[in-house]
Amino acid sequence: MTTATLKSRFGAFTRHGVAVSYALLVVLIVVAVILNPAFASWANVKAQLQIATFIGIIAIGQTLVILTGQIDLSVPWNLTFSSILMATLYGEGYGFAVAVGAALLVGIGVGLVNAIGVAVFRLHSLVWTLGMNALLEGATMVYTNGQPPDSTIPGFVRFLAVGNLGGLPVAPLVWAVLAAVTILVLARSRFGRFLYATGNNEPALFLSGVATRRVHVGAFVASGVCAVLAGILLTGYASQTYLGMGNDYLLVPIAAVIIGGTNIMGGAGGYVGTIAGTLIVVLLQSILSIAQIGQAGKNITFGLIIIALVLLYAREARPTD
Amino acid sequence: MSLRRYRSSLLAVVGLIVLLGYYWYQQPLILSPFGFRLLANQGTTLALAALAQLTVVLTGGVDLSVGAIVSLSNTIAATYMGDSPASVVGVVLLTLAAGSAAGLVNGLLVAYGRIQPIIVTLATLYIYSGFALLIRPQPGGSVPGYYASTLTGAWGYLPYSLIVLLVVALCLRMPIMRSRLGTAIYAVGDNPGGAHMSGINVPRTLVSAYVIGGFLAACAGLFLTAQTTSGDATVGTSYTLNSVAAVVFGGAILGGGRGVALGPIVAAFFISIIVSVLFAAGVSSFYQSVFQGAILIVVLMFGNAWTLRARNRLAVLRS
């Protein structure tokens, strides 16, 4: 069986997968409301969306990278380093634009280096981005001397993270805008099509005259910038920056992408599914909290659900067909 | 025996020799029995974890649950070991069985569930670390002193940890990898369809490889327990990604089919010792992660530098 037919089969699974993940989302909402009617309150919905925003924004970058058949493991310390840099620069009296601009430059730089390793040196992103993560962890330690940084949070960042606009929370609105752009780019732009094509068959795309290295650059830079944006929002939300603030944001967004039906080997899927995946992981965490299941039970349930979902809709064709 | 088989390990071997040479220059005491013991103990856990990772990587997969199995083994051993030699032996066997069972679940899901290995092991990472937390919600527990000293002690210049590692690598793993099963593991990693056509039972081979991986990860957990003499449900976390790094640095190909044990073992020692070397060289501890990351990155680029010289970009893409 060739890769191409394998992937086209996966395409069918994926459309199916998006439907299944939205169905599961509805079931989870019903379960949550039955367990605790206050779950449907506007205050709680806002709180859940707030948490989902960080994961959802990181998952944008992760979706793009995974569509090309790669993965970005440099998110945690990219997020931490850029947030600390932003807060420290602002605290030292540099303006808002300089502080946020510097953070974004870090994200772009990390994305570029990730893309160079993957596209030029043809290294596996699993190890290359991991090395970047270690390097950024070290950079953070050197920059902060290992001390929790004194952070001053720009007012506008606070507003983006926890503010309200016409009764609606701002952070989920930011997420909604970014999500809409992502879905449009994936569905309608040349770059979007190239992302899928790179994941499906990069040599063929290269032979069609496409600069495939630039596609990798686009995906990884997007992921780097998304991690920085999530970090900025998280900083505003927590009103502080701290070492290790990104540690919870490595595997959960990747799980959200997988649950949303994107093929981990690239080439099939999309952000519509990832949105469902993001909401599912967030809801699951809070349902398990409502049911007063401890961390151990949470981990076990989380793992079982990933397996159950993937068994439902993301099985591969038999290699022996 | 053809030496060419071991050419992929060259980078790691040269790296470790240079590193040890520099360490000796900075800190001549490492050539003492005590220094030998210290060096050997530092790398053994990761070397065992790297062997576990290598076995799975050879099939074309990757095992993200290695660290969780290390943690699980550590919590089982430190919680139930007791003091009598009989209970120690019993719990060691129980731990090895638990690790193998964890590998069996991974293998069944990959081979018969037909789920991508990276997804299966991402999910079981959560499940196994959940079980580790159930067994030991708070760090603690203990192992008898003679258990720790049997594994981490030394006889003159000969550290026991090195014997443990050699026994596991040469007397347990090597015969398997040289057997029909071992050949099948390499074949499945290289080309599953071709392996099937040659009459190899692909699913059964995959399951066996993951069981061996789980067993070896449990060995790593048991050795780690002898070092720390207590249990902690998160102690193994760093071993997942470091074992992948050791396997790649050691010359195995993510994607399967190629790699020998020597490289990853040597690379595991390199990765484990480098922190002490930087410390001995007077590098501030804040710079240590920078160096660790930078060295990994430079080594990776060095290993793939041929892509820059290649005339034919298509050949590079297909590599």
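Even glycines carry a Cβ here, placed using N, Cα and C.
Model, not experiment: these values are computed from the prediction.
Database features (TrEMBL):
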TRANSMEM  B:6-25  transmembrane segment
TRANSMEM  B:90-111  transmembrane segment
TRANSMEM  B:118-135  transmembrane segment
TRANSMEM  B:155-172  transmembrane segment
TRANSMEM  B:206-224  transmembrane segment
TRANSMEM  B:236-254  transmembrane segment
TRANSMEM  B:261-283  transmembrane segment
TRANSMEM  B:289-308  transmembrane segment
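Counting Cβ pairs under 8 Å that are 6 or more residues apart, the transmembrane segment (B:289-308) and the transmembrane segment (B:236-254) reach 3 or more and are in contact. Counting Cβ pairs closer than 8 Å and at least 6 residues apart in sequence, the transmembrane segment (B:6-25) and the transmembrane segment (B:261-283) reach three or more and so form a contact. Outside the transmembrane segment (B:261-283), and at least 6 residues removed from its termini, the chain residues within Cβ reach (under 8 Å) are 6, 8-9, 11-13, 15-16, 19-20, 22-23, 26-27, 39, 42-43, 45-47, 49-51, 53-54, 165, 169, 173-174, 177, 242-243, 245-247, 249-252, 291-292, 295-296. Stretch with the largest number of CB pairs closer than 8 A to the transmembrane segment (B:90-111), among B:155-172, B:206-224, B:236-254: B:206-224.
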